[in-house]
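K.L.:
The structure follows.
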Ligand SMILES: [Zn+2]
């Protein structure tokens, strides 16, 4: 079998292949088919780039949320001197900051974990006093939606990467 190279990814391909095994490039397609394939591949790449940027923004949201929890910790300490509450808020802050920090490495895992922390936190607020959950409910919904959307986008991006080996 004579060896050729794929003109898109430069991987070695055998002459009998219709599509490059590495990237899926239509090796024996017409010029038009090749151009369409390159266009689509470029779009997939930019979708993956955008998803990474969104994870970057979500990371900042998680840092801001962690900052608010530190503020909560300070407030409960000043108001009630309640060490248990202080520890609780600081733990939530530490988890959010950690998951935010790690999110670019494994977006699906760490955005999911951050979402669990926020939902758990809201659930505890609700148990403590339903009024606490309803105050700023729109913000809370917006945060959950943003995390869910980032997660959905990260899963799509992951699937694209896997399927097209990008
Ligand atoms: Zn290729």
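The backbone N, Cα and C atoms fix where each Cβ goes, and this holds for glycine too.
According to TrEMBL, the protein carries these features:
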- 60-80: transmembrane segment (TRANSMEM)
- 86-103: transmembrane segment (TRANSMEM)
- 108-125: transmembrane segment (TRANSMEM)
- 131-152: transmembrane segment (TRANSMEM)
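Neighbours and distances for these, please.
P.N.:
Long-range neighbours of the transmembrane segment (86-103) within the same chain, counting only residues 6 or more positions beyond its ends whose Cβ lies under 8 Å from a Cβ of the stretch, are 55, 58-63, 65-67, 69-70, 72-73, 76-77, 110-111, 113-114, 117-118, 121.
Long-range contacts of the transmembrane segment (108-125) within its own chain (CB-CB distance under 8 A, at least 6 residues past either end) are made by residues 55, 58, 62, 65, 92, 95-96, 99-100, 102, 132-133, 140, 143-144, 147-148, 150-151, 154-155, 158.
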